[in-house]
Amino acid sequence: MEQPQPAPGSLSWRLSSHPITLLTFLGFRVSSLLVYLFGLLFTDNLVMIFIITILLLAADFYYLKNIAGRRLVGLRWWNEVDPSTGDSHWVFESSEPGSKVINATDSRFFWIAIYAQPLFWIALAVVAVFSFKFIWLPLVAIALVLTITNSLAFSRCDKFSQASNIAGSAFNGGNLAGSIASNMVGRFFTR
């Protein structure tokens, strides 16, 4: 008997447009948490757990910022520094509105994972404080900085993308009206 297919947008990686990208993204998101939580079961070396967790967090940050965000939801961001003034600002990039169709499953996985991970790290910070294991707080602080930075940047990037799409459609609509008006005026003077 054939099993029913999951509905589009449901949390099934099989519906993903980019399953390898999605699974790698989720693997990086989960691996740093797993090493932090269960690393002491395999080794008593706190420094090794610290280093492995930091490396996994850095890989997650890079992969999310440069690969997964672009492929899964069509968004990318980076920080630019003006060499003459030294001012830095964030630059947001989104795919063209008609050029890429965003898969609902990819989008749901992406946004759930991007907002859930900082919440997990906040919970782990609370656990570290209340269990008096302050040695873990620097690691949790680094994890929070990296995950919250990506969360904020992609949230702003998404808002920028939506605003650009609205402005672009209004601008294109204005061009259409302008071209119709200029054609009508042009015809009037050529007669």
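Glycine is no exception: its Cβ is also placed from the backbone N, Cα and C atoms.
Here the structure is a predicted model, which means the values were calculated and not measured.
Taking all protein chains in view, 20 other C-beta atoms sit within 10 angstroms of the C-beta of Asn103 (N-linked glycosylation site). Taken residue by residue with DSSP, Asn103 (N-linked glycosylation site) is part of neither helix nor strand, so it is coil. Marked as N-linked glycosylation site by Swiss-Prot on the basis of sequence analysis: Asn103.
The feature transmembrane segment is assigned by Swiss-Prot to 15-35 (among others). Counting only same-chain residues 6+ beyond the ends of the transmembrane segment (15-35), those with a CB under 8 A from a CB of the stretch are 6, 8-9, 49, 52-53, 56-57, 59-60, 63-64, 67-68, 71-72, 103, 105-106, 109-110, 113, 117, 120-121, 124, 143.
Swiss-Prot lists 37-57 (among others) with the feature transmembrane segment.
The transmembrane segment annotation in Swiss-Prot covers 109-129 (among others).
Marked as transmembrane segment by Swiss-Prot on the basis of sequence analysis: 134-154 (among others). Here the transmembrane segment (134-154) has long-range neighbours at 32, 36, 46, 50, 53-54, 57-58, 60-61, 64-65, 69, 73, 75, 77, 90, 92, 114-115, 117-118, 121-122, 124-125, 128, meaning same-chain residues at least 6 beyond its ends whose C-beta is under 8 angstroms from one of its own.
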Same-chain residues at least 6 beyond the ends of the transmembrane segment (37-57) with CB under 8 Å of its CB atoms are 28, 31, 124, 135, 139, 142-143, 146-147
